[in-house]
């Protein structure tokens with residue numbers, strides 16, 4: 001073999017910045033996929049949240065997402081990445097260490113042909129979108145100071161535990177979770193619902209009437225979310241291979257099916273083709289396929305889309321309205337239904353439909369699966385039952401941990417600052433919280449003249465703390 005690689009084109013020859021182990025194709029794809037996941041949050045969820053809420057909460061909702069994205073990155077490289085994927089500490093968490101040295105970032109990541117820096121950035125984008133999804137349950141009333149504390153605490157004590165337990169070297173490693181049905185979506189849905197309980201409800205008028213302020217922009221944010229999922233699920237193999245291609249196709253098949261099923265349910269039972277409902281169906285399809293995108297066949301992805309367009313629709317549109325338990329908690333955007341229910345559904349169905357050959361191609365071993373369906377076909381039903389038990393136990397652990405950890409975090413923060421805004425601020429919205437408004441136009445029904453002609457308003461948090469009556 002030619003040690004100088006003279007047979008290679010000049011652009012493919014290894015050098016100091018392109019070591020022998022590096023695949024330029026895999027590296028380019030992984031960076032692209034990570035950027036696409038980042039774009040789901042900024043600007044995707046920034047736009048979606050800012051337009052899906054009442055006009056007076058547009059700035060606050062969008063800013064909660066933007067702040068979280070920045071805060072998570074700092075936490076991630078300083079300690080959280082290696083708590084989720086680093087050296088074993090205990091069965092649910094790794095050692096908190098920084099992830100910023102060249103000796104760490106520029107080395108080969110595990111068995112893959114990419115630098116570890118790619119993986120750090122990709123997993124950061126996952127962590128960031130998880131806490132931003134959680135925020136959807138809290139829009140329209142959470143004290144921004146409390147949110148600033150909540151984000152780093154939740155990433156540290158809740159998200160990293162789920163990530164390490166399933167994706168790291170934790171005790172739930174046998175669980176099939178291709179791209180975060182449990183780690184990301186079940187956890188965000190359960191934690192969001194739990195946090196919504198502790199924060200309390202929106203203003204009574206907002207809870208009764210909370211129309212989106214811009215449906216066209218909402219669709220734009222939803223579009224970033226849908227297309228960005230190409231990188232969300234397509235980046236999980238950490239290579240541009242056959243599993244990547246299948247995962248991307250299955251992602252869009254399930255999503256389109258789910259959207260159409262949800263839309264059909266709305267038309268059948270409410271005689272209206274709701275745009276907001278279509279977006280909800282899109283999201284549940286994206287969530288449901290996530291734990292199995294690259295390890296189920298395409299016909300199974302369509303069946304998963306049918307399930308994700310109907311079961312979360314039932315829990316949101318029927319069960320939620322009839323249940324006193326659900327009515328007690330003000331989950332602003334229904335994150336419990338779109339993420340917790342759909343994520344749990346996807347995890348169970350992945351354990352059912354997972355194909356042994358695809359599992360072997362993705363994980364590189366035979367210790368996962370087979371899916372329950374294929375265990376029946378192959379006459380090895382014990383292994384299929386075992387995998388389904390793993391899926392159920394994993395869901396139970398993620399649920400319990402997020403309820404407990406999120407509750408403790410909210411209780412701790414409430415001892416420092418109030419979780420919910422004061423009633424006066426809830427009536428006003430963005431201008432009271434940030435001194436800014438989403439639409440800088442006067443004369444469209446607002447009571448007050450432009451903000452620069454008024455005495456600056458001191459937030460109620462400061463009024464109470466310093467005793468001022470302004």
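Each residue, glycine too, has its Cβ placed from N, Cα and C.
All TrEMBL annotations are machine predictions without curation.
If you look up TrEMBL, you'll see 28-439 marked as domain 'Ammonium transporter AmtB-like'.
Sequence-remote contacts of a segment are chain residues at least 6 beyond its ends whose Cβ falls under 8 Å from one of its Cβ atoms, and for the transmembrane segment (31-50) they are 58-59, 61-62, 64-66, 68-69, 118, 121-122, 125-126, 128-129, 132-133, 135-136, 139, 217-218, 220-222, 224-225, 227-232, 234-235, 333, 438. Under the heading transmembrane segment, TrEMBL lists 31-50 (among others).
Positions annotated as transmembrane segment by TrEMBL: 57-79 (among others). Sequence-distant contacts of the transmembrane segment (57-79), counting only residues of its own chain at least 6 positions beyond either end whose CB sits under 8 Å from a CB of the stretch, comprise 38, 41-42, 45-47, 49-51, 96-100, 120, 123-124, 127-128, 131-132, 135, 138-140, 142, 144, 147-148, 151-152, 155-156, 206, 213, 429-430, 433-434, 436-439.
Residues or ranges marked as transmembrane segment by TrEMBL: 119-139 (among others). Within the chain, the transmembrane segment (119-139) has long-range Cβ neighbours (under 8 A, six or more residues past its boundaries) at 30-31, 33-34, 37-38, 40-41, 45, 49, 53, 57, 60-61, 64-65, 68-69, 72-73, 76-77, 80-81, 84-85, 99, 105, 109, 112, 147, 151, 154-155, 159, 163, 180, 183-185, 187-189, 191-193, 195-196, 199, 232, 235, 238, 331-333, 335-336, 339.
The transmembrane segment annotation in TrEMBL covers 146-167 (among others).
TrEMBL lists 179-200 (among others) with the feature transmembrane segment.
The transmembrane segment annotation in TrEMBL covers 212-230 (among others).
Note on the transmembrane segment (242-263): residues 29, 178-179, 226, 229-230, 232-236, 273-274, 277-278, 280-282, 284-286, 288-290, 292-296, 298, 301-302, 304-306, 308-310, 313, 358, 361-362 of its chain, located 6 or more positions outside it, place their CB under 8 angstroms from a CB of the stretch. The annotation transmembrane segment is assigned in TrEMBL to 242-263 (among others).
According to TrEMBL, the feature transmembrane segment maps to 275-293 (among others).
Beyond the transmembrane segment (299-320), the same-chain residues lying 6 or more positions past its ends with a Cβ under 8 Å from any Cβ of the stretch are 249-251, 253-262, 264-266, 269, 277, 280-281, 284-285, 287-289, 292-293, 326-327, 334, 337-338, 341-342, 345-346, 349, 353. Summarising the annotation, TrEMBL assigns transmembrane segment to 299-320 (among others).
Among the features that TrEMBL reports, transmembrane segment is placed at 332-354 (among others). Long-range neighbours of the transmembrane segment (332-354) within the same chain, counting only residues 6 or more positions beyond its ends whose Cβ lies under 8 Å from a Cβ of the stretch, are 49, 52-53, 133-134, 136-140, 175-178, 181-182, 184-186, 188-190, 192-193, 196, 202, 210, 280, 283-285, 287-292, 295-297, 300, 303-304, 307-308, 311-312, 315-316, 320, 326, 368-374, 387-388, 390-392, 394-395, 399.
Under the heading transmembrane segment, TrEMBL lists 388-413 (among others). Beyond the transmembrane segment (388-413), the same-chain residues lying 6 or more positions past its ends with a Cβ under 8 Å from any Cβ of the stretch are 146, 149-150, 153-154, 157-158, 161-162, 165-166, 172, 174-177, 182-183, 186-187, 190-191, 194-195, 198-199, 340, 344, 347-348, 350-352, 372, 419.
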